[in-house]
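**Student:** Pasting a structure below so you can have a look.
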Amino acid sequence: MKNKQLKSMMNGAVLLSVASLVAKILSAVYRVPFQNMVGNTGFYVYQQVYPIYGIGMTFALSGFPVFFSKAIAEAVDPLDHQRLMKQSLLILSTFSALVFMGIYLFASPIAALMGDSQLIPIIQSVSWMFLFMPLLATLRGYFQGTYRMEPTAISQVTEQLVRVVVILIAAYWFTQTGTDLYAMGASAMSGASWGAALALVVLLMAAKKNDHPLLLASKSQSVRKGLFQLTKRYATEGLTICLLTSILVLFQLIDSFSLYKGLVESGIDADTAKSLKGIYDRGQPLVQLGMVVGTGFSASFIPMLTQAFVSRQADRFQYAAKSLIRITLTLSLAATVGLLAILPEVNQMLFGDRSGQVVLAIYVMAIAAASLVMAFHSILQSENQYRLTLYALAIGLVVKLALNSWLVSSLGTLGASIATLTGLVIMAIFLASKLSLSMTQLWRTDHFLLKLVGGAGMLYITAVMTKWVLTSLLFQSDSRSQASIVALLTVVIGVIVFVVYILRVQLFTIREWLSLPFGKKLLKKGVKG
């Protein structure tokens with residue numbers, strides 16, 4: 001593969017990763033004042049309905065856009081791009097209208113299944129965001145399919161920023177008026193629609209600036225041409241990508257329908273169960289932050305992998321696939337190990353106390369497994385192996401649901417964490433066994449796995465020692481501010497040590513280093529050192 005083309009893809013991956021990082025930081029940071037203002041029970045109220053928002057968000061950001069970018073990449077004629085755009089809008093508009101009506105009109109039975117009838121207005125509030133999905137998904141997919149990641153990145157950050165502002169305003173309003181927590185939750189959830197609206201404005205402005213096919217005079221073939229085929233692909237490939245992209249949110253949806261109810265049925269009173277569920281939900285933003293880079297790379301590799309597969313360039317495809325797996329595993333494992341090392345401090349820094357340490361530690365281990373699932377899915381998706389990913393998804397969800405039913409009654413929220421981790425690990429193993437490339441050879445190349453394990457161990461030891469030095473010699477109190485300083489300083493030192501290590505041992509191949517942004521400079525520094 002030519003380094004120039006791979007570097008272009010990697011730059012796109014980095015851009016989406018940076019945008020995702022900013023968005024996920026916003027998504028995690030707002031939880032600090034939000035949880036402090038509304039408490040664990042208020043956090044439960046919001047998080048109980050959050051999976052519905054999460055599914056809609058991934059459909060409009062990571063699911064349907066990724067599929068549509070693949071369809072655009074496969075089409076060479078610009079007139080076909082215009083036809084595909086109009087067909088996509090027609091298909092997604094129909095789908096979105098049905099989803100909106102289903103959620104809004106059936107909010108009462110949905111809330112009943114969650115075990116809390118007071119959630120009805122919050123469920124109805126989140127349903128409106130689905131009406132923005134057709135344009136958001138189609139525009140983002142077109143830009144990504146033509147290797148222009150900027151509009152998607154900017155719209156993503158805009159969407160999250162607006163949503164966070166609305167959520168915090170709703171929480172502040174609650175503290176000032178003492179209104180009902182569920183009314184606060186409905187107001188906070190409306191931020192999803194406001195964010196989607198502003199993101200759409202950003203994308204439309206970018207479309208106008210770039211003479212987007214959707215805005216040009218119609219010169220394409222009839223919209224009916226190939227409409228059935230595209231509809232079928234959306235219903236199979238597109239929906240599969242959406243479901244796999246939403247895997248963590250689907251796991252959380254299972255928790256929404258089973259965890260709180262399971263805790264109450266096990267004998268825990270309702271108020272305590274809500275508080276425990278709120279503490280358990282702290283794990284979600286932590287896992288999201290850890291997965292940012294890995295999932296960004298997965299999404300941006302889709303067009304490159306697809307083109308290599310369609311053109312039957314096996315060497316290009318194999319190299320891109322191996323690079324994706326190696327980079328994803330390296331970054332996600334580093335995030336997992338680093339977060340485990342400073343989890344007590346991060347928990348206190350973000351949420352004010354260290355409740356649920358064991359539960360959250362198990363939950364955080366899902367970062368590496370979930371990131372690999374997304375990488376494996378991207379590779380199989382490029383080979384049109386959708387049935388395999390559907391099988392993996394079905395297996396993972398069945399395992400999660402079965403273990404939740406079994407473990408929550410005896411282990412509480414710890415059982416739910418174990419169920420999530422187990423389901424994701426089984427999914428990763430299943431998908432890895434179905435890849436066309438040899439995983440054993442991939443791990444053994446240049447002793448990659450041995451070097452990576454050594455780096456992870458060094459990172460953990462460095463973090464633990466840094467924490468010990470800071471807490472033993474520099475700080476005497478156990479305050480939230482101290483925990484914040486310790487966590488942030490440990491992160492900085494840990495990142496520096498890990499980067500120096502992977503440079504020294506040449507964890508990536510030379511071609512991989514040259515393909516990375518600033519890879520040439522980093523490689524030179526590693527050689528000089």
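Each residue, glycine too, has its Cβ placed from N, Cα and C.
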**Student:** With TrEMBL as the source, identify the stretch among 33-50, 51-68 annotated transmembrane segment.
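**Tutor:** TrEMBL lists transmembrane segment for residues 51-68.
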**Student:** Please figure out which one of 51-68, 160-175, 181-206, 323-343 racks up the most CB pairs under 8 Å against the transmembrane segment (449-470).
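**Tutor:** Comparing 51-68, 160-175, 181-206, 323-343: 323-343 has the most Cβ pairs near the transmembrane segment (449-470).
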**Student:** Would you call the transmembrane segment (160-175) and the transmembrane segment (181-206) in contact, using three or more Cβ pairs under 8 Å, pairs 6 or more apart in sequence?
**Tutor:** yes
**Student:** In the same chain, which residue numbers or ranges, 6 or more beyond the ends of the transmembrane segment (51-68), come under 8 angstroms Cβ to Cβ?
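**Tutor:** Here the qualifying positions are 84, 88, 92, 99, 103, 123, 126-127, 129-130, 132-133, 136-138, 140-142, 144-145, 152, 156, 159, 189, 192, 196, 233-234, 237-238, 241-243, 245-246, 248-250, 252-253, 255-256, 295, 299, 302.
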